[in-house]
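Take a look at the structure below.
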Amino acid sequence: HKQAKNLKNNVFDRKSVRGNWNNPSVTDTINRRATFPSSMADQSNDKSVTNTGMNSFSSSPSPNPLIPGVTRVRDSDGFVGTVVYVGPVASAKNTKEIYAGVAWDDETRGKHDGSVICRQTNNIVRHFSCGPTGGSFLRLSKIDYGVALDGRLLRARYVVEDAPLVAPGNLLSHVARTTGGRDKPIEFLGEIKIRKRQQLEDLIEVSLRGWGIGRAAVGEEEVNALKEFGHLKEIDLAGNLLCDWNMVFTIMKQFPVMEWFSIACNRVRDIPPEISPKLAEFDRIRHLNLNGCHIGSFRTVQIIGQAMPNLAEFCVAHSDLSDMDTFDQNDEGSHPPLQGFDNLALLDCTDCSISSWQTQVRRLRFLPKLNELVLNDNQIQFVVPADNEPQQVEFSSMELLQLAGNDIKAWTDIDAIASFSSLTALRFRNNPITSVIGGGEARSTLIARLPNITELNSSGITEKERVESERRYVASVARELLTLSQGEGKETNHPQSSQNEDDTDKHSEKIRQKIVSLHPRFDELMNKHKDSMLSIQSSANGNTRNNIANDAINVTVRSMAASSCAMEPMRKRLPGTLKVGRLKILCSRAFGIDVDLMTLHFKAENDPFPTELDDEENPLYYYGVHDGAEILINEIDLEERRKDQERENKEYDRRVKEQERTASMMQDVKKMQEMKANAAITGAQNK
């Protein structure tokens with residue numbers, strides 16, 4: 001349970017907002033084809049799962065009627081789908097029998113696209129629409145609505161202490177086959193110790209992910225059996241069959257001290273107005289995860305804020321909050337600040353169709369305790385600077401901002417981000433402004449433009465890295481200013497009167513003001529690093545040699561290749577303008593490695609992930625190589641390259657075969673549709 005709860009890169013996890021958690025494979029595995037115990041998935045069989053100590057029990061019928069587009073069901077193999085049609089089927093022998101049309105989450109599970117050939121007319125009749133093989137018709141008696149969240153389910157999930165051991169004598173019943181063909185026993189140590197720590201009477205947090213829970217406990221017997229678990233504070237119900245907010249609110253009431261609740265990847269959709277909870281009805285809830293719940297309106301967010309005033313962490317990723325700027329507009333058509341959420345510290349709005357900072361994001365600007373704001377994978381193009389007033393500071397508590405995967409294209413938006421005075425951490429990968437330059441250069445420029453951040457893209461910023469980044473930034477801007485000034489000077493290179501000199505000075509000042517407006521920190525950083533910027537001033541006087549000398553960086557080149565890893569590292573002072581291709585030649589002479597088999601990586605201090613110098617035409621400063629950096633040499637293993645090529649070829653062949661199978665299946669579907677059409681034409685002609 002602990003291991004599952006702390007998984008990163010998982011849409012279910014409450015802390016997944018701290019990393020790149022958008023992992024469709026994990027979501028698909030659990031939400032589309034969840035693995036349920038056989039006793040829970042099969043209504044006709046009543047089997048016990050001896051390896052978990054699970055008591056045998058079967059799925060119970062749903063207390064609610066089938067609601068097309070809402071009700072969630074599953075089959076005995078764990079496939080999950082949504083009921084989209086309820087009624088007779090034209091191709092059935094008994095045209096009066098009621099069926100449920102199901103659109104499966106996995107579109108390869110079904111047999112058709114929701115259409116059939118009528119037995120009486122031979123015409124095509126469409127009952128619903130889905131993918132070519134994403135639909136099925138099920139008899140109502142065969143539908144599995146899932147199980148109730150009751151005491152029996154909790155006891156099945158967490159075995160009692162004296163239940164049969166999975167590994168008697170610390171040995172599992174499975175074996176591993178060695179390369180020599182022998183069976184190797186697998187040891188499982190600490191089972192009893194783990195079991196003692198997982199007794200429900202002692203636990204305050206439980207995980208029931210993907211267990212087919214479709215409703216709350218109902219009836220006196222089920223509700224009374226659940227009372228002994230009223231001490232639970234954290235409950236994870238991600239990836240189940242919940243589809244009704246009535247059931248969700250009932251579950252929340254049945255656990256009176258619960259503070260942390262996750263129903264991620266349950267298609268509960270929006271809260272209907274008629275069942276909105278009372279004001280502060282769930283004031284004990286502090287953490288709520290609604291990631292992937294198909295929320296489609298910002299109104300649901302506001303209802304939750306009113307019902308849960310003490311909410312500290314709220315995850316609503318993969319929703320549609322595009323009406324954030326139109327919902328609750330005042331008479332003037334403006335967008336008032338969001339009310340409620342006075343205790344909210346973390347808000348995850350990843351992939352929520354948010355496109356405007358001005359009309360959408362700024363509605364959050366006066367949340368008093370908002371510490372972490374996650375806006376990854378939206379369509380934000382511009383960031384509006386904070387309009388701070390003495391008594392009202394925008395985003396006054398925000399320390400972490402995540403804007404990865406947006407559409408930000410201008411450096412002025414980075415300067416706007418710098419206006420948030422409390423911001424100390426930023427995540428900014430995969431934006432157009434940084435994708436066109438090297439990773440090292442992008443990081444260096446961001447650090448220089450953002451004076452208060454101490455962490456960028458989950459990597460800490462050392463004092464040394466900040467100094468180097470600021471110096472490189474000042475040098476780059478000074479060169480740009482110098483180039484423009486010299487270009488203008490060449491255009492006006494003729495005998496000048498005092499009037500011409502005044503005009504030239506005014507023009508130069510205008511150029512400077514333009515450059516400074518694009519780089520607001522230039523004057524500040526130029527003054528801060530004026531002693532180290534003498535090279536730029538010298539270049540203005542034509543002292544090119546001195547400029548190159550001051551632009552040089554000290555690096556340590558270390559070989560990681562098997563043939564030369566024992567050699568002493570090479571310490572060199574190199575110009576930042578040296579191209580990677582020239583550096584490879586230098587390394588080849590020093591360590592005797594073929595240039596064509598050489599790869600170089602740049603490793604900054606305290607950075608565990610080296611950056612590959614992957615373009616021989618780019619200079620070192622393009623990758624952000626700074627003074628004191630380490631460059632690692634690796635040699636390509638030809639045998640390993642051959643194996644990689646073989647693996648790639650096999651993968652390519654596998655994909656080709658898969659595409660051929662898909663194409664064949666589509667052809668079969670097309671033939672079936674043609675047969676249906678021909679049958680319909682024949683039926684019409686017979687009439």
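Cβ coordinates come from backbone N, Cα and C, glycine included.
TrEMBL does not curate its annotations; it predicts them automatically.
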Choose the correct range: of 459-492, 629-662, which one does TrEMBL annotate as coiled coil? Give that range. 629-662
The domain 'CAP-Gly' (71-144): mean pLDDT? 91
Helix-strand-coil residue split for the domain 'CAP-Gly' (71-144), DSSP-based: 3 helix, 31 strand, 40 coil
